[in-house]
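**Student:** Swiss-Prot lists these features:
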type	residues	note
SIGNAL	1-25	signal peptide
CARBOHYD	N128	N-linked glycosylation site
CARBOHYD	N257	N-linked glycosylation site
CARBOHYD	N289	N-linked glycosylation site
Amino acid sequence: MAFLSNMAMFITMLMFSSMMHPCFSQPSCAPMDTMDTNGVDEADIDMMQFPINLEFLEAEFFLWGALGHGLDVVAPQLAMGGPPPYGAQKANLDPLTQNIITEFAYQEVGHLRALERTVGGFPRPLLNLSASNFANLIEAAFGYHLVPPFNPYRDGLSYMLASYAVPYMGLVGYVGTNPNLKGHQTKRLLAGLLGVESGQDAVIRMYLYERQGHVVAPYRHTVAEFTARISELRNRLAMCGVKDEGVIVPRQLGAENQTMSNVLSANYDSISYRRTPGEILRVVYSTGNESVPGGFYPNGGNGRIARRFLV
């Protein structure tokens with residue numbers, strides 16, 4: 001009996017000692033990211049430079065909307081001497097959208113820095129961020145002249161509706177580029193960029209989904225209608241089927257044909273859609289033709305892929 005009592009005391013002390021002095025295994029950690037040029041396959045460079053066009057668009061739109069100034073103030077070296085955007089202005093944001101867009105803005109600065117450091121860059125293309133350009137886009141989506149013209153800088157909701165048209169193009173572009181990359185460093189960079197772009201798109205879509213039934217003043221259309229019309233327009237311009245969906249969809253387009261909610265846009269298997277550079281240019285040029293600049297890029301995009309279409 002005494003033996004059992006002593007044994008119990010010994011086990012208790014051993015357990016207590018283990019709790020006080022836990023024994024950890026040696027952790028295995030991923031190396032810190034350096035995003036240098038090691039592991040960059042030469043064949044990847046053009047493909048990974050192309051999205052710099054979209055990152056410039058996002059950075060300038062978000063910086064101006066949140067802060068009232070752009071890269072020329074925040075990180076002028078990243079613009080590489082390219083012309084400043086025209087028509088951009090500080091948006092009339094509420095505290096929630098101000099915080100969201102400010103974070104997005106600084107994230108895009110980091111994206112540009114990582115891309116330029118890893119695969120090189122090019123001068124910022126001329127960007128049209130004017131209210132009239134967004135008004136033209138929304139009118140094309142609805143098929144008639146809105147009175148007054150849509151102004152993305154009017155308030156937080158209008159700005160988030162305009163933002164609905166921005167990160168998603170980068171997202172589907174990165175998904176499309178992914179299978180073609182060879183270098184481990186460019187693959188790592190793309191994965192990291194895609195993760196944040198997807199997160200931005202999800203935040204925007206969730207914000208709009210929560211307000212799906214709200215009528216967008218001063219128009220008679222709801223938030224859900226705006227997202228559906230913008231997505232339909234982008235599908236028409238890209239001319240490659242349905243790869244873009246609003247926050248409310250017919251049940252046959254919902255997840256497993258079971259939902260009408262569509263917080264995340266995805267295909268039949270709930271996998272992200274993908275687009276080619278040509279599709280993306282047809283959309284962001286607002287012309288339906290990758291060889292005819294317009295829309296956000298009056299003079300076209302920069303980099304070998306975008307310029308090749310203009311020859």
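Yeah, the Cβs are placed from backbone N, Cα and C, and that goes for glycine too.
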**Student:** Near N289 (N-linked glycosylation site), which residues of its own chain have a C-beta under 8 A away, given they sit six or more steps off in sequence?
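**Tutor:** The answer is R282.
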**Student:** Between the Cα atoms of N257 (N-linked glycosylation site) and N128 (N-linked glycosylation site), find the distance and write it as a whole number of Å.
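**Tutor:** Just about 39 Å between their Cα atoms.
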**Student:** Secondary structure at N289 (N-linked glycosylation site) (DSSP, helix/strand/coil)?
**Tutor:** coil
**Student:** Give the residue from the glycosylation sites N128, N257 that has the most other Cβ atoms within 10 Å of its Cβ, counting over every protein chain displayed.
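**Tutor:** Per the Cβ count, the most surrounded site is N128.
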**Student:** In terms of DSSP three-state secondary structure, what is the assignment for N128 (N-linked glycosylation site)?
**Tutor:** strand
**Student:** What does DSSP call N257 (N-linked glycosylation site) in the simple three-state scheme?
**Tutor:** helix
